[in-house]
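Encoded as structure tokens, here's the structure I'll be asking about.
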Amino acid sequence: MREANGIQYLPSPTFYRLISIMKKRSRHTLDQDDPLCCCEYIDRHGGRSHMAACCCDCEDLDEACDRWMKKKPRSPDSLSQVIATINDRLRVPWISGARQVDISVIPPLILLPVFLHIAALHYLLGILVLTAVPIMVLLYYYFTHRKKGRTLFFLSLALFSLFYMFYLFITEIVPRGDVTHLQLAAVTAGVALTVISLIITKRGPGYVRPRPTDTHSTVTYNKPPPDVDAAYLNRAQHQVVIANHEQTGESGTAQQGVQRRNWCAVCKVVRPPRAGHCRICGVCILRLDHHCVWINSCVGQANHRDFLLTLVFFLLTSLYGISLVLRSVCPDQNVMTALFYCPDVYNQFSSALCFTCAWYGSIVTGGLLHLLLSQLINVGFNVTEREARLARREKTARSLLWGLIIDTGVYSRGFRTNWIEFMTMSMASEPSTHKPSDLV
């Protein structure tokens, strides 16, 4: 408080908030080196915090509410700041400190069971829900794809769909007595193999590493930027490479020209042929095929075969499980026609729920079957999805079957040779050890 000309002036609320932040940061700095308990964590501002204080000292939310109450114009980044604060404080206890939970994981866990139970009430509701859900997922995909942001929504939806369908199969179909022990073991093995193959796929797509001859020096940062894939660092410190462009002689000039064309200004590396930079992961990938949102990772040289194997395991398990469900809820109908005509299935809610899940599984299976088919065709013509997309854009390739087959003619050496090259292509040097958390 200060006084001038007999008038008292009080500091603004912003001044008190700044003082509070400075005091908290100075207090957190003193005990920053102390080990974290299971409920403590380091927040996005670098301060030490506790899960019990998740609703305390939220300056971003206070400022947004204050502007709304006073009818002031909203700050352009106020909403993103509030979402970032909520996402930072949404954590679960862990041994070495509370782990952050991505907020995009939660919606599928809530919405999928709700939508499926609503669709099981009546066949008209089933048509409406099973039509609206794929449309909403596609709209969310285009929204996130346009922003080039990473999200765990699709990976959460894929895993939860798999486990929720398996849960309903165990609790609703198996007790009916229509499934033998051998059939149950086959479905269980299919689910397990799908998850194991997914974990192997998530180990890494094969990253382009700086070569010693191209590196002049490196600058090391203790904390990686948010737009770089964490798997690329393998829990190590983030290093920014300062490249060496010095070349001598005619061969050096030619090599410099090639390096300039393949130079990535973001990763500061010279990309080998067929490598590409993923703007979502923020790194360069060897033989980049595409960024798959369903596994929250790129598909490249090191995990392309594992990705196809994951699709095969999932499709076989899904098709077999759907056939068992339809035989149980529609015993008088053929499996091929039961999905379209199953009388009296909505007379019992349990049967209607299983029938609805069979339809949901069929929609997902159809989409992934198209993905697997296009992948197998691309492998047969030795073209990646990224190369096919560029060829369509530049109209430099031969297109067949309404664009399903794209033949660039650059790397193709015949169907048999292309498959041999794909099955024997060298694996990128990736760490052999991985943790269950690598699934995310």
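Even glycines carry a Cβ here, placed using N, Cα and C.
Automated prediction, rather than curation, is the source of TrEMBL annotations.
Per TrEMBL, the features are:
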type	residues	note
TRANSMEM	124-143	transmembrane segment
TRANSMEM	152-170	transmembrane segment
TRANSMEM	182-201	transmembrane segment
DOMAIN	260-388	domain 'Palmitoyltransferase DHHC'
TRANSMEM	307-329	transmembrane segment
TRANSMEM	349-373	transmembrane segment
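Explain the structural surroundings of these features, please.
Residues of the same chain lying 6 or more positions beyond the ends of the transmembrane segment (124-143) and with a Cβ under 8 Å from any Cβ of it are 115-116, 118, 153-154, 157, 293, 352, 356, 359-360, 363.
Listed as Cβ neighbours of the transmembrane segment (307-329) (distance under 8 Å, sequence separation of 6 or more from its ends, same chain) are residues 162, 165-166, 169, 173, 176, 178-179, 183, 186-187, 190-191, 193-194, 197-198, 201, 292, 295, 299, 335, 338-339, 342, 345, 351, 354-355, 357-358, 361-362, 364-365, 368-369, 371-372, 375-376, 379.
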What counts of helix, strand and coil residues does DSSP assign across the domain 'Palmitoyltransferase DHHC' (260-388)?
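Within the domain 'Palmitoyltransferase DHHC' (260-388) the tally stands at 72 helix, 16 strand, 41 coil.
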